[in-house]
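Sequence annotations record features per position, and here Swiss-Prot assigns N-linked glycosylation site to N71, N172, N212, N260 based on sequence analysis. Per Swiss-Prot, active site, nucleophile is recorded for C85, C88, and the stated evidence type is similarity to another entry. The disulfide bond feature in Swiss-Prot is assigned to C85-C88, C116-C125, C412-C424, C470-C473, C530-C533. According to Swiss-Prot, the FAD binding site annotation covers R420, W427, H431, E472, H476, 499-506, K521, W524, on the basis of similarity to another entry. Swiss-Prot lists 568-607 with the feature region 'Disordered'. Taken from Swiss-Prot, the feature compositional bias 'Basic and acidic residues' covers 577-586. Residues or ranges marked as transmembrane segment in Swiss-Prot: 656-676.
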Amino acid sequence: MAAARAVARDPGAYARQPPSLRAARLPRLLFLLAVVAAVGPREGGGARLYREGSDAVWLLDSGSVRSATGNSSAAWLVQFHSSWCGHCIGYAPTWRALAADVRDWAAAIRVAALDCAEEKNQDVCRTYDIHFYPTFRYFKAFTKEFTTGENFKGPDRELRTVRQTMIDFLQNHTEGTWPPACPPLDPIQSSDILSFMDSHSGQYHAIVFESNGSYVGREVILDLIPYENIMVSRALDTDKAFLGTLGITSVPSCYLIYPNGSHGLVNVAKPLRSFFSSHLKSLPDVRKKSLFLPEKSNKEEKSEVVVWKEFDRAKLYTADLESGLHYLLRVELAAHRSLAGAQLKTFRDFVTVVAKLFPGRPAVKKLLETLQEWLANLPLDKIPYNAILDLVNNKMQISGIFLTSHVKWVGCQGSRLELRGYPCSLWKLFHTLTVQASTHPEALAGTGFEGHPQAVLQAIRRYIRTFFGCKECGEHFEEMAKESMDSVKTPDQAVLWLWRKHNMVNSRLAGHLSEDPKFPKVPWPTPDLCPACHEEIKGLDSWNEGQVLLFLKQHYSRDNLVDAYSVDQGSPGEWEAQGREQEEGKGLNPSGKSWRHHDTGSLRPPHILGPRTDLSKSLHHRLDLRLQSPQGPQALKEAKAVVPFLGVGFSSLDMSLCVVLYVASSLFLMIMYFFFRVRSKRWKVRLYHPAV
């Protein structure tokens, strides 16, 4: 087991062992790794930023967010985040600390998180209009109608600020939506306090005196929600004479009425919320009560084991570029229900640049070119995202186009699943585009971008500003672009500009929680990759930018692309994985439909699918399986709708519409023919012969 852990901790250690030793240990290591994978959790192996059991954060997903926030007896504060977003990774400790800090408030308001990076959650994130990460939404208690929530409004996202805005949000509840477990948060009057002193209720009653802008009293009230035999209220320091009779000389102060009717000041070392709450919780007979909360798992979920792929850092891997395109087109873009106006133009320009300059495999390049031509010729100002998805998924079964349907990081893999990945692949794609524009400027001929050295950079800039999920990352890139992008005058300068800015980002993020310890963010290329790129001037390490440019053009060239680990168009693993996902219900949106085309074979070019009769048999086989399901007749209707007509890929509904359109067009032409025939008789010139 120790050997297996060592391999998992240092993937390169096994490769450094002598061949004879590796051969001797290989069977035992493979067995141990299989056992470890079966056992489950691996330290730091999970891609989620928050974990059931170990964190106080309530974890939601596409199947639970509506039921949790809809008509709930408590309010909710939900963070919609992405596990690859650097800012989300950096903010995760604050969110965990907040959830732990207000754990006792759960009967009134709960702190939750939903990961939009998971493909199964992409539809629900689009439904809630989540375009950037992290996004914070409040949901009121007892909300019967569907709502996307209220946006967080605060000067910053520090723990104290968010905690105080949670209190403000609670106080905005009306009487009909007030969480029943939440005590009153408004201040009481001096007369109320006097009546409490005379009532002898048989339980403790604490009153926190504070200034008008203080939150200490309300925080203590919420801290004591789960405790019985005590009641907490707050009062303002406006009645100075009354405070003097109670012996209160400063605020905040806590005054306690005991069950026997006696009363006096609470003596604590510091007038802080934690001191007041701790003292009140420790009083005799004050104990936690049973609260009926939704079931929350205390079991730590199993994490996926990272399967390491050996790779050469001097190479560029097709799998990284294609996985990035898959995530961009099928997940990130899915946050937008439709594209119109400036958004559509930004996407159209970006796709044009990628389609013309992408140096990858022909099937992927053809898909991008097909998408670009379709967008360019589309006479619409607004298009739904699903139309783009249908083309990317090759719903019309166009021959020879393909894009992998899942991510497989190689040069962008991280030591943990949430590290590197998509942001790394985007950087590689952007560098590749600038290099290809410099080395093959003729590729942009006829696009309107030819002769514009900033064209690629501007397309990248607008894409990041409009679509990239990490809002803070996009803002930083926009700042860099405003600062110096206008200085780019040649395609070579564009290559170097992006390289410099990438190194600036690495320098800023060095030591950040999003940094992978196995891939430290250091100036790139490192001396071992490009010795000629580094030189010493007056004792300082400096860049030889001429050599850097040569290195970048070589590194991001087509000749340096490696297809190892890339999914083949006819790869059984690709389609077996999709079949398993369909059977197990993985990757489904809340409505139960897969994000892929119903016919998984439609992702494969027809010449790989085999004869059309095989396709029809496959569809009818799936139809038979669905007829055996509980859905019965409804499944029959749905399945019939996707059976190709005459093997062309059109459904029966499509063909019915075509027939109706054909008949209507014929009738229209016939009517127009007879109309003009009659009119033409009136237009004929009649010749009259003069009478003699």
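Note: Cβ is positioned from N, Cα and C throughout, glycine not excepted.
The 10 Å shell around the Cβ of C88 (disulfide bond) contains 28 further Cβ atoms across the protein chains shown.
In the structure shown, across all protein chains, C85 is the one of the recorded positions C85, C424, C470, C530, C533 with the greatest number of other Cβ atoms within 10 Å. Cβ neighbour count within 10 Å across all protein chains ranks R420 highest among the binding-site residues R420, R500, H502.
Neighbour list (C125 (disulfide bond), Cβ cut-off 8 Å, at least 6 residues apart, same chain): F80, L114, C116, A334, A335. Among the binding-site residues R420, H431, R500, H502, M504, N506, not one has its Cα within 10 Å of the Cα of C470 (disulfide bond). In the three-state DSSP scheme, C88 (disulfide bond) falls into the helix class.
Cα to Cα, R420 (FAD binding site) and C88 (disulfide bond) are separated by 13 Å. C470 (disulfide bond) carries a strand DSSP state (E or B).
Calculated from their C-alpha atoms, the gap between M504 (FAD binding site) and C473 (disulfide bond) amounts to 13 Å. Taking C424, H431, W524 as the recorded positions under consideration, the smallest Cα distance to C85 (active site, nucleophile) is found for C424. Taking the Cβ of H476 (FAD binding site) as reference, residues of its chain lying under 8 Å away and at least six apart in sequence are, in sequence order, V505, R508.
Across the structure, C88 (disulfide bond) and N506 (FAD binding site) place their CA atoms 17 angstrom apart.
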